[in-house]
């Protein structure tokens with residue numbers, strides 16, 4: 001099913017002034033891309049992106065003011081198609097009466113903002129990308145640990161929720177438990193959040209459902225977080241080789257993005273919350289340019305080389 005946002009949603013989110021065509025506020029917006037219709041004002045419509053929000057700034061309005069009224073009306077009528085969601089005017093500029101007339105005839109809303117064109121463009125794009133981003137649901141727990149979004153995955157009963165509870169007690173923040181909704185806002189960003197019905201809730205076997213915000217306060221939860229790393233919990237397999245140095249970096253694919261992944265084997269006596277906490281800190285350290293595993297390997301190779309030269 002194609003996701004969409006209505007012009008009314010955009011108007012309310014950005015507090016835009018409605019100039020005309022209130023009945024057209026339910027028109028759908030299907031793309032986050034915007035159009036600055038400069039070439040269209042000159043009569044070039046071969047590649048007119050009619051399905052985009054049409055954004056007018058100082059340049060477009062000033063150019064149209066130099067046109068004859070009949071020509072101006074003709075161009076605006078050409079811009080008004082069945083797929084055109086809305087016209088948005090920035091800087092509180094005066095809206096050409098020909099645009100109002102053409103938009104009224106086609107029942108296309110004309111909106112106005114006091115913001116400068118560039119800033120308004122950023123706000124509209126960010127809002128539409130967030131609302132129109134593809135979404136999937138994953139079984140797991142998302143926790144904000146030292147500013148990193150850590151997605152904890154694993155089979156049912158492996159201890160994900162219990163680990164998240166311990167992390168919350170250690171001062172970190174819960175984003176979602178059991179069902180994590182992940183949306184891809186752009187090519188480099190995955191945002192995780194919780195379905196509204198289970199937001200701030202944590203299920204602990206033997207204890208039941210608890211409300212983390214009620215128990216630990218508003219500082220123990222957050223509504224969404226960018227996913228930075230995946231920690232996969234699995235029952236200890238004595239026949240499986242686990243990385244003991246940390247040179248190898250696993251990846252897991254979410255949508256079309258490769259996310260760093262750490263596999264942590266679970267068995268009695270291992271403090272999973274501390275291990276995951278340290279994994280997050282170590283990941284931050286790697287991003288800052290220091291890799292303990294690589295440093296150890298380099299020091300070991302230097303020592304071996306030094307001993308070899310001494311023996312020679």
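Every residue gets a Cβ built from N, Cα and C, even glycine.
Per Swiss-Prot, the range carrying the annotation region 'Important for the catalytic mechanism of dephosphorylation' out of 259-264, 265-270, 271-276 is 265-270. Here the candidates are the recorded positions 139, 159, 178. The one whose C-alpha lies nearest to that of residue 244 (active site) is 159. Rounded to a whole number, the distance between the Cα atoms of residue 178 (active site, proton acceptor) and residue 158 (ATP binding site) is 12 Å.
Note on the recorded positions 139, 160, 244: the fewest other CB atoms within 10 A surround the CB of 244. On the backbone, the CA of residue 155 (ATP binding site) and the CA of residue 139 (active site) stand 9 Å apart. On a Cα basis, residue 160 (ATP binding site) lies 10 Å away from residue 203 (Mg(2+) binding site). For residue 157 (ATP binding site), the Cβ neighbour count at a 10 Å cut-off comes to 9, with all displayed protein chains included.
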